[in-house]
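To start, the structure itself, in structure tokens.
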Amino acid sequence: MPYQLENRPPDLRESMYFPEIIRGIGTITKHFLKNLFFSRDANPDILARKRGGFGHSDNVTLQYPEERAPYAPAYRGLHRLVPREDGKPRCVACYMCATICPAQCIYIEAAEYPDDPVEKYPAKFVIDELRCIVCGFCVEACPKDAIRMDSGEHTPPSYERSAQIWDEKRLLRGPPVSYQYDPWLRRGSPSIPPDKLEEMRARAKPFPTVATDEASQTPGFSVRALAAEAKDRAQAARK
């Protein structure tokens, strides 16, 4: 049964808003004092590089982008295609990554090797990093471990949307073997002989703690270099 609502006028306490204002100021002051005197950063890499705190604080300020906080080993960064030792991509253009992608940001065109008509390769492999939701489904669905998100780099800034369209040439930058936490190196693979697997494990390098332009987490993979490259392409397109 419908009933009529009665809108009563606010009383003096509600109309002045003073209690809520005081409560908000108290919350801000509490967190301010807590962060100023008693906070502890749980990241040991950050604590090791602290600049010296005020009171008992271990808060630090990193001079970004020259200094960057380290990413966790499980961080999902920019995509990269894993090359074989001969430089060809591991990808066999099975379309599993493009099919499972919820954002539909992967586009593949398949082609056949002239000397091996059984196996295919991606004649075109494009990822729109702006549409990507960084879910990692493409990495899990790939049967050949051909695509990874272990670059340790986030999407570089750019002035043009076209600079975030990554093709197979840019995606193939990076070493064929990843880092020591690579699950393929830990569990092995039927397609890799045991002696070859041990050699790959011996060559794997530890995941770096801090990414800089001088020591990037992936050789030849620099955020500043990619941003400069995108800017040069945009300037060339305007001419």
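Note that Cβ sites are derived from N, Cα and C of the backbone, with glycine treated the same way.
Across the range of the domain '4Fe-4S ferredoxin-type 1' (81-111), the DSSP-based residue counts are 5 helix, 9 strand, 17 coil. For 81-111, the entry in Swiss-Prot reads domain '4Fe-4S ferredoxin-type 1', with the evidence type sequence analysis.
The [4Fe-4S] cluster 1 binding site annotation in Swiss-Prot covers Cys91, Cys94, Cys97, Cys142.
According to Swiss-Prot, the [4Fe-4S] cluster 2 binding site annotation covers Cys101, Cys132, Cys135, Cys138. Taking the Cβ of Cys101 ([4Fe-4S] cluster 2 binding site) as centre and 10 Å as the limit, one finds 19 other Cβ atoms among all the protein chains shown.
The domain '4Fe-4S ferredoxin-type 2' annotation in Swiss-Prot covers 123-152 and rests on sequence analysis.
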For the domain '4Fe-4S ferredoxin-type 1' (81-111), distant same-chain residues with Cβ under 8 A (at least six beyond the ends): 119-133, 135, 137-139, 141-148, 168, 171-172, 174, 176, 178
Position of peak Cβ density within 10 Å, selected from the binding-site residues Cys135, Cys138, Cys142: Cys138
Listed in sequence order, residues not in Cys101, Cys132, Cys135, Cys138 with Cβ within 8 Å of the centre of the [4Fe-4S] cluster 2 site Cβ atoms: Cys97, Ile100, Pro102, Ala103, Cys105, Ile106, Ile133, Val134, Gly136, Phe137
Additional residues around [4Fe-4S] cluster 1, ordered along the sequence, whose Cβ is within 8 Å of the centroid of Cys91, Cys94, Cys97, Cys142: Val92, Ala93, Tyr95, Met96, Ala98, Ile108, Cys138, Ala141, Pro143, Lys144, Ala146, Ile147
Local confidence of the domain '4Fe-4S ferredoxin-type 2' (123-152) - pLDDT mean: 89
Cα within 10 Å of Cys97 ([4Fe-4S] cluster 1 binding site) - qualifying binding-site residues among Cys132, Cys135, Cys138: Cys138
